[in-house]
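K.L.:
First the structure, which I've put down as structure tokens, then a few questions once you've had a look.
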Amino acid sequence: GKNEYDLLVVGGGSGGLACAKEAAQFGRKVAVLDYVEPSPRGTTWGLGGTCVNVGCIPKKLMHQAALLGSALKDAQHYGWNISQPVHHTWSVMAQGVQNYVKSLNWGHRVQLQDKKVKYFNIKGSFSDPHTVRGLTKAGKETIVTADNIVIATGGRPKYPTHIAGALEYGITSDDLFWLKESPGKTLPSFILYVSLECAGFLTGIGLDTTVMMRSIPLRGFDQASHISKKKQICFTTQQQMASLVTEHMESYGTKFLKRCFPTKVEKLRSNRLQVTWKNADLNTEETDSFDTVMWAVGRVPDTKTLNLETVGVKTNSETGKIIVDATEATSVPHIYAVGDITEGRPELTPTAIAAGKLLAQRLFGQSSELMDYDNVPTTVFTPLEYGCVGLSEEAAVQCHGSDNIEVYHAYYKPLEFTVAERDAAQCYMKMVCLREREQRILGLHFIGPNAGEVIQGFALGIKCGATYPQLMKTVGIHPTCAEEVTKLRITKRSGLDATVTGC
Amino acid sequence: SVQAQKEEDNPEKTMDVNGLTPVPDSYDYDLIVIGGGSGGLAAAKEAAKYEKKVMVLDFVTPTPQGSSWGLGGTCVNVGCIPKKLMHQAALLGQALQDSRKFGWQFTEEVKHNWMTMTESVQNYIGSLNWGYRVALRDTKVTYENAYGEFVGPHTIKATNKKGIEKLYTAERFIIATGERPRYLGIPGDKEYCISSDDLFSLPYCPGKTLVVGASYVALECAGFLAGLGLDVTVMVRSILLRGFDQDMANRIGEYMEEHGVNFIREFVPIKVEQVEEGTPGILKVTAKSTTGDQIIEGEYNTVLLAIGRDPCTRKIGLDKVGVNINEKTGKIPVNDEEQTNVPHIYAVGDILQGKLELTPVAIQAGKLLVRRLYAGATTKCDYVNVPTTVFTPLEYGACGYSEETAVEKFGEENIEVYHSHFWPLEWTVPSRDNNKCYAKIICNIQDNERVIGFHVLGPNAGEVTQGFAAAIKCGLTKEQLDSTIGIHPVCAEV
């Protein structure tokens, strides 16, 4: 028989909602399924996906809370009579953040309603290529059929289940942002940027925070990692940038346990957690107690309960992510996927949104425009932020050879740090260009305040094929940090001191 | 004997006295730069790189109130730098308010201490003055803290603070004397009013302040003074931010009004009297309406004049060497190579006619000029699509055409304006305005929807705008803008 909907989107996150709302614009009959399986700790949330509920939004707000802590210290230097130290109350912040997130959940529901998109709060799984079966929390079954189905179920944090006590006693980012009470002395154990960002703001609000890392910082930072078939370009963070970021965090107060990996987590009678770990360098076993242990060891695609095998949607055997082509199509006709769940794509909200919209436009709007995953800018919101677009230095060298690239760099000091007597040792930027005539810019990396704001416009420039001479012709805005990008002159090759001096 | 000394030092003068036309076969310097500000210093340091013998003359005539400062020019001493630092102080005041909603606890109302701030700012400026002196010394540029003026085609008279005069000759000159604040020309203005030249080193809190003017200087100063907790009123003759996009200018004004700055519109002061002496004292300002006969009076601790700036070109002997200036404005017209009508005399910076009064422009122009003179370069300063930012409480960044100018040049039907309000994520939790931040781009429909104007109103507008300016320089089109992914969550992604 005829399918009930033109489009069914499974997953109400950044990609899913964008796709659904765009399709509705074309007058199509659209339905969205969204369901949040509670975390092992029992945390759950409303419509909107990771970004809104347990990702970008609460993360940036808590990062802001930490930045304001620094601002309070700076303020004294600028003449504000505020007695130090100022204390932070987690529950006030958490409530502010959680209330805002809830308003966004509400906003999304209203938007879907306004656009006449049907919303089901059910957990869906495939019965056949055009049918999804869902169960409500109460156990009631709903069947939805559609001509086209888009899978946008995203990912969830991984637990290192091989570590005793990890699942029972640890939390993840899924829980952190919804805690009603302070996490206290925290140990985020990480590989990813998530851990650094969380450790950063936890330190900033005054909590005793230690980061445990098995190897080098931000290794396998795949937030913006993708392999383009066309160019085999792989974007991974700069080792140099990662070091600067963590160096800053160390001077900021975050403790790091490098080359250590936990072996077990136990609960003490006081309700605190005892963590035992191996120190690979010293070959010793150490232990300490914490109030909270947070795992940030990666995210897994949420495909387990989808029943993908039944309909034949192929996934990557290693990552579990859904394999898609340049049109976001899976191995099954009329079934597509967007967002964090897709293999080889950056795990970023804006790319999911763009991909979702373009997909809807191609399906229903007679467009043929494909998503361009090249030169996607991104920012890590650590205490000293790191924004970047394009290739890392390593990737550029790999692609073009070190003789064919030029790296311009500079250590600068934000004006606002001067009176505040803040250390700017890690404020740094570098631009990777091709050496040949045109000197096209391959990548730009910036560490400093408001890194995201700085990088965004330059990302546009790179999209336009910006060259080094064009950047040199651009006059700076004074006094800002961003202007230093237009003043980059010293190359790494020259070996000269790259510290910016004066006006 | 001083006279004899001078003549001995300068054969040219001696020959002149003897009635012979001086044809010196060597000058004292390859280049003399008059004015040690952004443009002048950049040019001087660049010339030294090419092993030229360079001299910089810098001198600050004290303000009517007696304020003076060191090497570095307006930007460093009484412009961009102290302005941004005080703006930052005001922003931190706002941050203090926000921080409560983010969980930071302090019950007392936090007060601001002007002296603490000003001392810190002046200390930093002092370090910059020092840094410049060291930089000049290191690059072997001769620096004299003396007032320079032309006395002959290749001769400058330099007069120092003690009145001692010296003569120097050079093959080429760069005039980079910049500007100083204008006064109203009404009774009491020089005696009792201050300008931005005084504000940043004021040794006492200005208190209840009247800012006269509607320039960005006026609005920026009014903005941070209010942010520090002072009672501020702005007296505006007609429109705000003349020359800027008026839609954006009005939004800035609106925001300031809603956040505690009083505006008196369509009035001009006609006299300022002292009611009480002191630091600050009390001043009475009488003002007249520009649209009728109405007269109003008000009392303030401080009156800050910010009605414009005038080039320092009237008293440097330009008439003696035949350099043309615009008689009305005092600005110097130059060609696209910063050359005046006298071939060996150039000019850069705020004194140029028809060019933007911005530090980075002056620096760029100075450097490129010198490279053309001494390094065989041909690149000219690109004055097109120069980005700028006004550091009012709600910051405004812009690059390219204003909406009005775009309509005028291309016709309303040929441009498309895309716009959006946005609510910075950081403003949500502390419940700050959700309908004030705003961005718009102006596109030329006939040229592939090329972006010809970019305007943003919001936090960190400068940081946001810089990259867009680079993109616009690369010929950014709407399509390219649309296909660029945003960074989330930041303001710039709007």
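In case you wondered, yes, glycine gets a Cβ from its N, Cα and C as well.
Heads up, TrEMBL stuff is auto-annotated, nobody curated it.
Look at TrEMBL and you will find A:H478 tagged as active site, proton acceptor. Under the heading FAD binding site, TrEMBL lists A:K60, A:G124, A:D340. Residues or ranges marked as NAD(+) binding site by TrEMBL: A:G298. What TrEMBL lists as disulfide bond is A:C51-A:C56. Taken from TrEMBL, the feature domain 'FAD/NAD(P)-binding' applies to A:5-356. The feature domain 'Pyridine nucleotide-disulphide oxidoreductase dimerisation' is assigned by TrEMBL to A:376-487.
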K.L.:
State the three-class DSSP label for A:G124 (FAD binding site), counting H, G and I as helix, E and B as strand, and everything else as coil.
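P.N.:
DSSP assigns A:G124 (FAD binding site) to strand.
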K.L.:
Counting every protein chain present, what is the number of Cβ atoms, excluding its own, within 10 Å of the Cβ of A:G124 (FAD binding site)?
P.N.:
27
K.L.:
Reduced to three states, what secondary structure does DSSP give A:H478 (active site, proton acceptor)?
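P.N.:
Looking at the DSSP assignment, A:H478 (active site, proton acceptor) belongs to neither helix nor strand, so coil.
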K.L.:
For chain B, give the subset of the recorded positions A:C51, A:K60, A:G124, A:G298 whose C-beta is less than 8 angstroms from one of that chain's C-beta atoms, in sequence order, otherwise 'none'.
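P.N.:
Filtering A:C51, A:K60, A:G124, A:G298 for a Cβ under 8 Å from chain B leaves A:C51, A:K60.
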K.L.:
Counting across all protein chains shown, how many other Cβ atoms sit within 10 Å of the Cβ of the residue listed as 'NAD(+) binding site'?
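P.N.:
There are 17 such Cβ atoms around the residue listed as 'NAD(+) binding site'.
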K.L.:
For A:G298 (NAD(+) binding site), which DSSP three-state class applies?
P.N.:
coil
K.L.:
Can you tell me the CA-to-CA distance separating A:H478 (active site, proton acceptor) and A:G124 (FAD binding site), as a whole number of Å?
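P.N.:
Rounded to the nearest whole number, the Cα-Cα distance is 54 Å.
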K.L.:
Measure from the CA atom of A:C51 (disulfide bond) to the CA atom of A:G124 (FAD binding site) and give the result in Å, rounded to a whole number.
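P.N.:
Counting only the Cα atoms, the answer is 21 Å.
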K.L.:
Between A:C56 (disulfide bond) and A:D340 (FAD binding site), find the distance joining the two CA atoms and give it rounded to the nearest Å.
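P.N.:
Distance between the two Cα atoms comes out at 13 Å.
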K.L.:
Between the Cα atoms of A:K60 (FAD binding site) and A:C51 (disulfide bond), find the distance and write it as a whole number of Å.
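P.N.:
Computed Cα spacing between A:K60 (FAD binding site) and A:C51 (disulfide bond) is 10 Å.
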K.L.:
In terms of DSSP three-state secondary structure, what is the assignment for A:C51 (disulfide bond)?
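P.N.:
Its secondary structure by DSSP: helix.
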K.L.:
Over all pairs within A:K60, A:G124, A:D340, the annotated FAD binders, what is the largest Cα to Cα distance, rounded to whole Å?
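P.N.:
This binding site's residues have a maximal Cα-Cα distance of 31 Å.
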K.L.:
Identify, in sequence order, the residues in the chain of A:D340 (FAD binding site) that are 6 or more apart from it along the sequence and have a CB within less than 8 Å of its CB; answer 'none' if there are none.
P.N.:
A:G13, A:G15, A:T50, A:G154, A:G155, A:R299, A:P301, A:E347, A:A352
K.L.:
Using DSSP, what is the helix/strand/coil residue split across the domain 'Pyridine nucleotide-disulphide oxidoreductase dimerisation' (A:376-487)?
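P.N.:
Reading the DSSP string over the domain 'Pyridine nucleotide-disulphide oxidoreductase dimerisation' (A:376-487) gives 40 helix, 31 strand, 41 coil.
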K.L.:
Whole-number answer please: how many Å between the C-alpha atoms of A:C51 (disulfide bond) and the residue listed as 'NAD(+) binding site'?
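P.N.:
Per the Cα atoms, A:C51 (disulfide bond) and the residue listed as 'NAD(+) binding site' stand 16 Å apart.
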K.L.:
Any idea what the model's mean pLDDT is for the domain 'Pyridine nucleotide-disulphide oxidoreductase dimerisation' (A:376-487)?
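P.N.:
Averaged over the domain 'Pyridine nucleotide-disulphide oxidoreductase dimerisation' (A:376-487), per-residue pLDDT gives 91.
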K.L.:
If you draw a 10 Å sphere on the Cβ of the residue listed as 'active site, proton acceptor', how many other Cβ atoms land inside?
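P.N.:
Within a 10 Å radius of the Cβ of the residue listed as 'active site, proton acceptor' lie 23 other Cβ atoms.
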K.L.:
Given a 10 Å Cβ-Cβ cut-off, pick out the one of the disulfide-bonded residues A:C51, A:C56 that has the most other Cβ atoms nearby.
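P.N.:
It comes out as A:C51.
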